[in-house]
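As written in TrEMBL, here are the features:
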type: COMPBIAS; residues: B:825-840; note: compositional bias 'Pro residues'
type: DOMAIN; residues: B:98-481; note: domain 'Cation/H+ exchanger transmembrane'
type: REGION; residues: B:813-840; note: region 'Disordered'
type: SIGNAL; residues: B:1-26; note: signal peptide
type: TRANSMEM; residues: B:73-91; note: transmembrane segment
type: TRANSMEM; residues: B:103-121; note: transmembrane segment
type: TRANSMEM; residues: B:162-182; note: transmembrane segment
type: TRANSMEM; residues: B:197-220; note: transmembrane segment
type: TRANSMEM; residues: B:227-250; note: transmembrane segment
type: TRANSMEM; residues: B:270-294; note: transmembrane segment
type: TRANSMEM; residues: B:323-342; note: transmembrane segment
type: TRANSMEM; residues: B:354-378; note: transmembrane segment
type: TRANSMEM; residues: B:390-412; note: transmembrane segment
type: TRANSMEM; residues: B:454-473; note: transmembrane segment
């Protein structure tokens with residue numbers, strides 16, 4: 001908020017980012033403030049882990065994430081494989097997945113799918129499970145998510161049978177894993193736009 | 001054609017019935033007394049009755065006396081319920097009619113006919129819907145049901161919009177209608193009416209509210225998308241608070257008279273709105289908590305625990321009414337608050353009972369309401385025709401609804417995450433049905449204060465008929481024509497529910513990361529609070545344990561599978577199972593002791609196995625037949641006697657008012673479920689471990705060739721026969737069979753026989769003898785298990801057998817399966833559709 005340099009022009013590549021993600025200048029500004037708040041070292045990058053201590057870094061500032069059962073997966077979704085840092089542009093690009101889908105599709109149609117289209121949203125959700133990014137949710141990966149979410153009341157065996165069943169429901173080609181296509185089909189009835197959008201305050 | 005016959009017959013019957021009743025009523029010189037009045041004055045009829053009893057001179061003991069007055073009120077009530085119910089039956093029998101005209105409209109028309117008949121017989125309308133009956137006996141259960149089955153998450157995530165529509169929209173409707181009518185009156189559009197501005201506003205306020213009963217009735221049949229539904233439905237429920245306040249305020253204003261109203265009174269009116277609405281909700285909330293608390297400790301009186309829900313719900317309604325708060329809001333919130341807790345606190349059967357009784361009551365009173373709305377129309381007294389007034393009201397009601405909705409949505413869309421689309425707005429405006437609430441309020445008007453009461457009542461009726469019948473009929477075509485997004489009706493799937501949860505967590509996390517305090521953030525905070533405090537206080541400790549959302553879905557799916565499995569089993573007549581619990585525990589114990597050293601791994605897996613042991617029993621019997629082991633013979637008979645299903649005869653005549661579960665057969669689903677859960681775990685575990693002994697068995701079987709298989713099978717058939725005899729009609733099913741018929745989902749709980757572990761279970765009496773060659777020993781048993789193992793299963797659903805190692809089974813079963821197919825069962829039905837066809 002009241003920061004003195006509150007101008008979009010101070011943010012590198014702001015115009016391109018706005019173009020690409022559809023965020024307004026006010027959005028970008030706000031997100032940039034947030035980014036700087038998270039960026040303790042003021043180096044323009046958020047780190048996954050602090051090298052010497054191996055403690056969760058930067059994102060650790062968001063205390064609520066520690067309580068979130070799938071917080072870690074979400075944090076790691078901000079980092080492309082192999083990378084340990086994320087800069088502002090990528091940060092915004094990830095968040096752009098959660099912008100409400102634009103109603104008027106005609107917004108320069110030649111461009112590739114914007115991040116907030118349902119398919120990209122779904123892809124993001126898929127990656128929550130697919131930790132090894134092999135394009136398939138294996139049983140172990142599903143189990144991991146389930147384990148995080150279901151907590152202690154459910155025994156390991158029950159978890160396993162739940163995972164088993166969930167895979168069977170979605171698994172069409174019987175390879176004992178859920179591919180993205182299968183994932184999409186199984187969620188056909190879910191209103192993704194609704195379920196994966198949040199309101200970004202200006 | 002046949003149906004037409006029914007209709008005629010039934011109509012004739014009802015005509016006779018009603019003539020009879022009205023005839024009787026007249027004979028007794030009690031014509032003027034409407035049935036509701038008499039119902040509210042039981043003392044009066046009692047008085048009549050006592051007069052009858054003592055007034056006449058007793059000349060002897062009468063063998064039979066005709067005491068109509070003695071039973072009149074309850075008799076009439078019961079008859080009306082019956083008539084309404086039968087009316088619904090007839091209407092619902094004609095699907096091609098109900099698919100075009102909604103049921104509510106048909107019921108009103110049915111009411112017209114009945115009213116006509118009564119009119120013809122009595123020349124006066126004897127039966128009317130009175131506000132007392134409507135508000136005290138018919139409305140509460142409908143609203144309670146609405147609250148109880150409210151999708152809470154959906155409701156609260158659209159709460160803002162719903163409140164805006166309910167509060168501002170309703171005020172707008174009331175004010176605009178009242179003012180416009182007044183303006184038209186001043187302009188001379190409706191001739192000479194004795195109505196002032198306040199009266200018009202009062203009329204506007206009673207017409208303003210969208211009626212929950214009518215809305216539910218119509219929208220239930222057109223499956224619009226859930227957001228649209230919850231908006232209309234939520235609005236119709238919540239705007240009652242507004243209506244009641246507006247109505248009371250204007251009623252008071254009318255009594256006060258125009259000149260005494262000053263700013264203070266108006267401010268008081270506004271304050272009273274908040275008090276009435278929030279007070280009502282608070283009362284409901286408190287009662288909801290009370291119900292939840294109470295159901296925590298009703299374990300010992302399970303048979304009446306569903307009653308508490310209804311009684312306390314009704315008390316919430318009455319308490320709010322007593323405190324002149326909004327009764328409808330109260331009961332809605334009562335239902336919404338308690339649903340989660342009572343569903344997990346109460347026994348599953350009680351929950352089902354609550355659900356069903358709720359539906360029975362709600363549906364029943366809805367039917368009665370519509371029928372009586374129809375009947376009420378056939379009454380010369382109330383009809384006052386004023387073309388201008390009536391037509392203008394109709395027009396304004398419709399137009400202002402559209403204007404209101406569009407304007408409010410326009411504002412809301414600026415703030416909504418996913419804006420309400422234009423066609424949804426059209427449907428929402430068009431779905432502004434008025435109903436019995438408006439009529440009830442109109443009848444409640446005081447004739448002394450409002451001279452034109454009858455005009456208002458008849459106008460209300462016309463508006464109700466117009467909206468319910470005409471708009472109701474056109475709703476469906478309109479929804480189709482506009483291609484409104486429909487509700488996705490689909491099977492419950494686990495992955496969807498899991499994903500739902502993931503979405504929730506994800507959104508919260510993203511809001512956290514991007515530093516927004518949004519809707520998800522609030523919900524997360526509320527959930528944490530709820531988890532921490534409310535659940536602790538309101539939920540049984542035992543229920544708290546396994547109430548995880550995803551797990552519940554899993555539970556439900558399993559239950560469904562179990563039921564489908566039972567149905568399938570019934571269809572195939574496969575009753576050849578025994579179940580056995582206590583024996584198995586013993587058996588296990590011994591087994592464990594004997595084998596835990598030999599096969600520690602396997603034992604660890606099965607140590608808490610709780611399988612029913614059909615195999616044991618069957619085998620025992622087979623041995624008996626062979627006469628090989630006389631000692632075990634006794635043993636087995638003992639086992640069978642103890643643990644086979646009891647014939648139903650033994651239990652059937654026992655009667656108990658407080659226990660429902662005498663006859664175990666009725667708890668089949670419950671039991672099946674419990675077993676399912678247990679066996680599922682086992683099968684899964686062992687399936688995963690890929691337990692080794694299977695191979696040995698298979699080898700042995702292969703060696704043993706077909707003759708042996710056949711021989712044992714023969715014995716087995718005999719054996720089954722025996723079992724069936726014992727169990728006679730007990731319709732119980734074993735749980736240890738794969739179920740896959742058409743389900744598409746392999747439920748491991750139903751395929752324990754593919755579970756290699758089962759093969760190495762060795763009864764204790766064999767254990768000693770075969771300890772050394774334990775791996776090979778089970779051959780006989782393995783064969784015995786065949787009749788209900790994979791061969792059958794494959795027929796049930798020749799899909800994918802499983803992830804378990806099954807090929808050996810195929811080999812082992814092939815001959816047996818063929819054989820049985822030939823001489824026992826009809827040729828296997830065509831395989832069910834591939835699984836993915838089912839749940840796409």
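Placement of Cβ uses the backbone N, Cα and C atoms for every residue, glycine included.
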Checklist outcome for this item: One stretch in B:73-91, B:354-378, B:454-473 has more Cβ pairs under 8 Å to the transmembrane segment (B:103-121) than the rest, namely B:354-378
Next on the checklist: If I count Cβ-Cβ pairs under 8 A between the transmembrane segment (B:197-220) and each of B:73-91, B:323-342, B:354-378, which range comes out on top?
Outcome noted: B:354-378
Checklist entry - What residues in the same chain, six or more past the boundaries of the transmembrane segment (B:270-294), come closer than 8 Å to it by Cβ-Cβ distance? => result 147, 241-242, 244-246, 248-249, 308-309, 312-313, 315-316, 319-320, 323-338, 341-342, 345, 537-539
Checklist entry - Where, among B:227-250, B:323-342, B:354-378, B:390-412, B:454-473, do we find the most CB pairs under 8 A to the transmembrane segment (B:73-91)? => result B:354-378
Item to check | Ranked first among B:162-182, B:323-342, B:454-473 for CB pairs under 8 angstroms with the transmembrane segment (B:390-412) | outcome: B:162-182
Checklist outcome for this item: Stretch winning on C-beta pairs under 8 A with the transmembrane segment (B:227-250) (pool: B:323-342, B:354-378, B:454-473) is B:323-342
